[in-house]
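As recorded in Swiss-Prot, the features of this protein are as follows:
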BINDING   Arg14, Tyr29, Gly30, His31, Tyr32, Lys33, Lys55, Tyr74  acyl-CoA binding site
DOMAIN    2-87  domain 'ACB'
MOD_RES   Ser2  N-acetylserine
MOD_RES   Lys8  N6-acetyllysine
MOD_RES   Lys8  N6-succinyllysine
MOD_RES   Lys17  N6-succinyllysine
MOD_RES   Lys19  N6-acetyllysine
MOD_RES   Tyr29  phosphotyrosine
MOD_RES   Lys55  N6-acetyllysine
MOD_RES   Lys55  N6-(2-hydroxyisobutyryl)lysine
MOD_RES   Lys55  N6-succinyllysine
MOD_RES   Lys55  N6-malonyllysine
MOD_RES   Lys77  N6-acetyllysine
MOD_RES   Lys77  N6-succinyllysine
Amino acid sequence: MSQAEFEKAAEEVRHLKTKPSDEEMLFIYGHYKQATVGDINTERPGMLDFTGKAKWDAWNELKGTSKEDAMKAYINKVEELKKKYGI
(Lines of atoms letter the chains of each structure in order from A; the text may use other names.)
(Lines give C-alpha, C1' and ligand atoms only; values in the text may rest on other atoms or scores of the structure.)
Protein backbone atom coordinates (compact mmCIF):
# COMPACT_ATOMS: atom_id res chain seq x y z
CA MET A 1 0.00 0.00 0.00
CA SER A 2 1.36 3.36 -0.95
CA GLN A 3 1.08 6.71 0.75
CA ALA A 4 -0.85 7.98 -2.29
CA GLU A 5 -3.44 5.17 -1.97
CA PHE A 6 -3.80 5.98 1.73
CA GLU A 7 -4.30 9.70 1.07
CA LYS A 8 -6.84 8.91 -1.66
CA ALA A 9 -8.78 6.67 0.75
CA ALA A 10 -8.66 9.40 3.42
CA GLU A 11 -10.23 11.83 0.94
CA GLU A 12 -12.82 9.35 -0.33
CA VAL A 13 -14.09 8.47 3.15
CA ARG A 14 -15.21 12.10 3.52
CA HIS A 15 -17.46 11.79 0.47
CA LEU A 16 -19.48 8.69 1.31
CA LYS A 17 -23.18 9.13 0.53
CA THR A 18 -24.18 7.93 4.00
CA LYS A 19 -22.31 8.45 7.26
CA PRO A 20 -20.84 5.15 8.48
CA SER A 21 -21.80 3.74 11.88
CA ASP A 22 -19.98 4.92 14.99
CA GLU A 23 -18.15 1.58 15.13
CA GLU A 24 -16.99 1.97 11.52
CA MET A 25 -15.90 5.56 12.15
CA LEU A 26 -13.90 4.51 15.22
CA PHE A 27 -12.14 1.86 13.13
CA ILE A 28 -11.31 4.51 10.52
CA TYR A 29 -10.16 7.01 13.15
CA GLY A 30 -7.94 4.57 15.02
CA HIS A 31 -6.25 3.25 11.91
CA TYR A 32 -5.77 6.76 10.48
CA LYS A 33 -4.08 7.94 13.67
CA GLN A 34 -1.91 4.81 13.89
CA ALA A 35 -0.85 5.22 10.25
CA THR A 36 -0.09 8.93 10.54
CA VAL A 37 1.16 9.36 14.12
CA GLY A 38 2.07 5.87 15.33
CA ASP A 39 1.45 4.61 18.85
CA ILE A 40 -0.85 6.76 20.95
CA ASN A 41 0.98 9.61 22.65
CA THR A 42 -1.72 11.32 24.71
CA GLU A 43 -3.49 10.71 28.00
CA ARG A 44 -6.98 9.18 27.96
CA PRO A 45 -9.64 11.93 28.02
CA GLY A 46 -11.67 12.66 31.12
CA MET A 47 -14.68 10.75 32.38
CA LEU A 48 -17.29 12.98 30.70
CA ASP A 49 -15.65 13.10 27.27
CA PHE A 50 -17.39 10.01 25.90
CA THR A 51 -16.49 10.65 22.27
CA GLY A 52 -12.89 11.45 23.12
CA LYS A 53 -12.56 8.29 25.19
CA ALA A 54 -14.04 6.12 22.43
CA LYS A 55 -11.63 7.61 19.89
CA TRP A 56 -8.69 7.23 22.28
CA ASP A 57 -9.61 3.59 22.95
CA ALA A 58 -9.90 2.85 19.21
CA TRP A 59 -6.42 4.25 18.63
CA ASN A 60 -4.92 2.67 21.76
CA GLU A 61 -6.09 -0.81 20.65
CA LEU A 62 -3.68 -0.51 17.71
CA LYS A 63 -0.58 0.14 19.83
CA GLY A 64 2.33 -1.70 18.24
CA THR A 65 0.68 -1.95 14.80
CA SER A 66 3.03 -0.88 12.02
CA LYS A 67 2.28 2.15 9.87
CA GLU A 68 2.02 -0.11 6.82
CA ASP A 69 -0.44 -2.51 8.47
CA ALA A 70 -2.58 0.38 9.71
CA MET A 71 -2.60 1.95 6.24
CA LYS A 72 -3.55 -1.35 4.61
CA ALA A 73 -6.43 -1.96 7.06
CA TYR A 74 -7.60 1.65 6.60
CA ILE A 75 -7.62 1.41 2.80
CA ASN A 76 -9.40 -1.96 2.87
CA LYS A 77 -12.07 -0.60 5.24
CA VAL A 78 -12.64 2.48 3.06
CA GLU A 79 -13.09 0.23 0.02
CA GLU A 80 -15.64 -1.81 2.00
CA LEU A 81 -17.47 1.36 3.08
CA LYS A 82 -17.53 2.68 -0.50
CA LYS A 83 -19.30 -0.51 -1.61
CA LYS A 84 -21.69 -0.36 1.34
CA TYR A 85 -22.57 3.36 1.28
CA GLY A 86 -21.56 4.64 -2.15
CA ILE A 87 -19.45 7.66 -2.97
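A Cβ is built for glycine as well, from the same backbone N, Cα and C atoms used for every other residue.
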DSSP-derived class (H/G/I helix, E/B strand, else coil) of Arg14 (acyl-CoA binding site): helix
Sparsest Cβ surroundings (other CB atoms within 10 Å) among the recorded positions Arg14, Lys77: Arg14
Rounded Cα separation (Å) that holds between Lys77 (N6-acetyllysine) and His31 (acyl-CoA binding site): 10
Site with most surrounding Cβ atoms, counting all protein chains shown within 10 Å, from the binding-site residues His31, Lys33: His31
Integer Cα-Cα distance in angstrom, Ser2 (N-acetylserine) to Arg14 (acyl-CoA binding site): 19
Three-state composition of the domain 'ACB' (2-87), taking helix and strand from DSSP: 58 helix, 0 strand, 28 coil
